[in-house]
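For reference, the structure is listed below as structure tokens.
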Amino acid sequence: MLIENCPIINVNVKVWLFWAYLRKPKWYSYLLGCVPVTVLNVFQFMNLFHVIASGSGDMNKIIIDGYFTVLYFNLVLRTSFLMGNRGKFETFLEGIADEYAVLEKQNDIRPLLDQLTRRARILSKSNLWLGAFISACFVTYPLFSPDSGLPYGVYIPGVDVHASPIYEIVFVLQIYLTFPACCMYIPFSSFYCTCALFGLVRIAALKRSLEKIHEYNTSPRSLFARIKECLQYHKDIIKYVSDLNELVTYIFLLELLSFGMMLCALLFLLSISNQLAQMVMIGSYIFMILSQMYALYWHSNEVREQSLEIGDSLYYNSAWLDFDNSVKKKIILMLARAQRPLAIKIGNVYPMTLEMFQSLLNASYSYFTLLRRVYN
């Protein structure tokens, strides 16, 4: 099965293929997408440095410009990592497509596969629509703002971006670049969530196989062969989660550091703002951060929790104490390995769980209250 035909991942894969981030490079796609977005991000950093160095901007402007600069830097880094590891991503996605075709033929797991596939597709499409909506808010906000600035603050040496007709040209270009920028950021998060959902399907398939293992007890040879298959499938799942972790761990480390800081700054800005339009926009920025981060951590937590139940399915439902010693040894190996949960880690150090997400919110709120107290 081709990766663009695999239902659980094809929404995000088609976006990446459209912009030539997978398979054969297409330079005209880069010139229309990631290259100008990267140039925009460079001008954003220059603007942020210029505003801070010259002292010409107030707190509101610095925080908003900083948020967009960090957001665009993150999406540029995501895309650069994807293109730099194109082969690894393609191999990983091809493995999902092949395994999906196998699981489709298993009647006992097919209902769950269909259910999580629908959830993955709804999640991917809703993320794209949410990203498009909030991006539209990004570029239309200056029309309702009293300072009539650009959607994203930029500084181009020797060019006055606020003088006509440069202002209008830059404004239109930023509106256009918002679309490829959204396609650079959103599919990466959706890709991870859909891969986590597919991991849940594989874990469920293994658990059901283990629960039915006692049906082979009439033939010791068949039982031994079946437990070996389950043991190998468990190893395949471990490798699957490990490969997924390798593809996302350092990108998520950057998000933890950058968006934790920006969440604190946006909460502070929301507390001192007195303009309704600005408060609505800041609320949408905060909602985007929280929704994206929660989706990542929730799916990671589900993989971790479900993997811990593999041992329970084998221990309580298989009547393994009645098996031969050779089979018991294999089962004990699987039970021992199942005690270590499968986890996606931040920077290969801290597992992504809901407890860690809560800790991130607590830390951001603590720094916000400290910043607010100092400001007052």
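Backbone N, Cα and C atoms are what each Cβ position is placed from, and that goes for glycine too.
Automated prediction, rather than curation, is the source of TrEMBL annotations.
Keep in mind that what you see is a predicted model, and the values were worked out from it rather than measured.
Noted in TrEMBL for the protein shown:
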TRANSMEM  27-53  transmembrane segment
TRANSMEM  59-77  transmembrane segment
TRANSMEM  127-144  transmembrane segment
TRANSMEM  175-201  transmembrane segment
TRANSMEM  247-270  transmembrane segment
TRANSMEM  276-297  transmembrane segment
Is the transmembrane segment (59-77) packed against any residues at least 6 beyond its ends, judged by a Cβ distance under 8 Å, and which are they?
34, 37-38, 40-41, 44-45, 47-48, 51-52, 138, 149, 152-153, 181, 184-185, 251, 254-255, 258-259, 261-262, 265-266, 268-269, 272-273, 278, 285
Need a quick answer: max count of Cβ pairs under 8 Å to the transmembrane segment (175-201), which of 27-53, 247-270, 276-297 is it?
27-53
Recorded stretch, among 27-53, 247-270, 276-297, maximising Cβ pairs under 8 Å relative to the transmembrane segment (127-144):
276-297
Excluding the flanking five residues on each side, which residues at least 6 beyond the ends of the transmembrane segment (247-270) place their CB within less than 8 Å of a CB in that stretch?
59-60, 63-64, 66-67, 70-71, 73-74, 77-78, 81, 85, 88-89, 92, 188, 192, 279, 282-283, 285-286, 289-290, 293, 296, 344-348, 352, 360-361, 363-365, 367-368, 371-372, 375
Counting only residues 6 or more past its boundaries, what in the same chain has a CB within less than 8 Å of a CB in the transmembrane segment (276-297)?
60, 67, 123, 127, 130-131, 134, 137, 141, 144-145, 189, 192-193, 252, 255, 259, 262-263, 266-267, 269-270, 352-354, 356-357, 360
By a Cβ-Cβ criterion of under 8 Å, what residues six or more beyond either terminus of the transmembrane segment (27-53) are in contact with it?
18-21, 61-62, 65-66, 68-69, 72-73, 75-76, 79, 83, 152-157, 173-174, 177, 180-181, 183-184
